[in-house]
């Protein structure tokens, strides 16, 4: 398959990049802009928070976002209940003028683990309200199947808890989800710390990566954004190419026929 | 005058004014915010008719960075 034909389709929209990136935690708005541009990402996650009038309703950030001309994916970060998530989703839809939603329902504050039952319930309600839900969930096969069954057309299991940078805690679980749900785009969301983690996820057959902290908190966010751009591409191309099978024993790559210094006794 | 909570801060406001009239008094521009009252989303189309009740909890949100 030619690289330029290998697009990612999410809820009917087609993208060239398979890297989704967050807009938080950058050292400055200018570095955020530069890093997002360097990442090649076409989808940016955003949020809503209480603002005082003195902050002019988030006007500065809003202008920065619009100038990037990317597809926005609002989140419900910090919501601890179905009702909070549904309300915040409705507010996001009105303000960001999109029915796309990264659904987050926090189940535990220690590791920000998604509440699996609350996430499924919220997803079901939101889909009935016309949202296109991107659920952030744990790497649990059955929860992923339930999210698919209520109408999610994309699934986003975690690699590890948000902001930890620990990579893929449980590749077996992620691989099982991939094998059992071949029909939906799967995106590893959260826990990615290094480009090698992104390559690993893509090599498992995942369709994309969503990250924020790994770029925003890198020593050089712009350079790291490029590294992740290339890593996601490398992992994707490796999957398309098909890796060689692993072997238990060594097998010489240089021909043995014609080997010098060997003489029949 | 009634007492309400605006983004978790106590405010006094005129119960006869519609939400659309209160927001500019509080310094907000309607098109750059989204509102929930008592945890329920309030569509922008309702700002002109909606009047607050004493004790209402009003959340006024605006875009921020997110992951």
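Sequential numbering from 1, following the chain as shown.
Just so you know, glycine gets a Cβ as well, placed from its N, Cα and C.
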- Checking TrEMBL, the member of A:151, A:163, A:235, A:242 that binds 1-deoxy-D-xylulose 5-phosphate with A:190, A:191, A:212, A:213 is A:163
- Message: Going by Cβ pairs closer than 8 Å, show me which of the binding-site residues A:191, A:212, A:213 neighbour chain B.
- Response: A:212, A:213
- Message: Given a Cβ distance threshold of under 8 angstroms, which distant residues of the chain, six or more beyond its ends, lie next to the region 'Disordered' (A:243-265)?
- Response: 203
- Counting each residue once, how many in the region 'Disordered' (A:243-265) are helix, strand and coil under DSSP? 0 helix, 0 strand, 23 coil
- Query: Where does residue A:212 (1-deoxy-D-xylulose 5-phosphate binding site) sit in DSSP terms: helix, strand, or coil?
  - Reply: coil
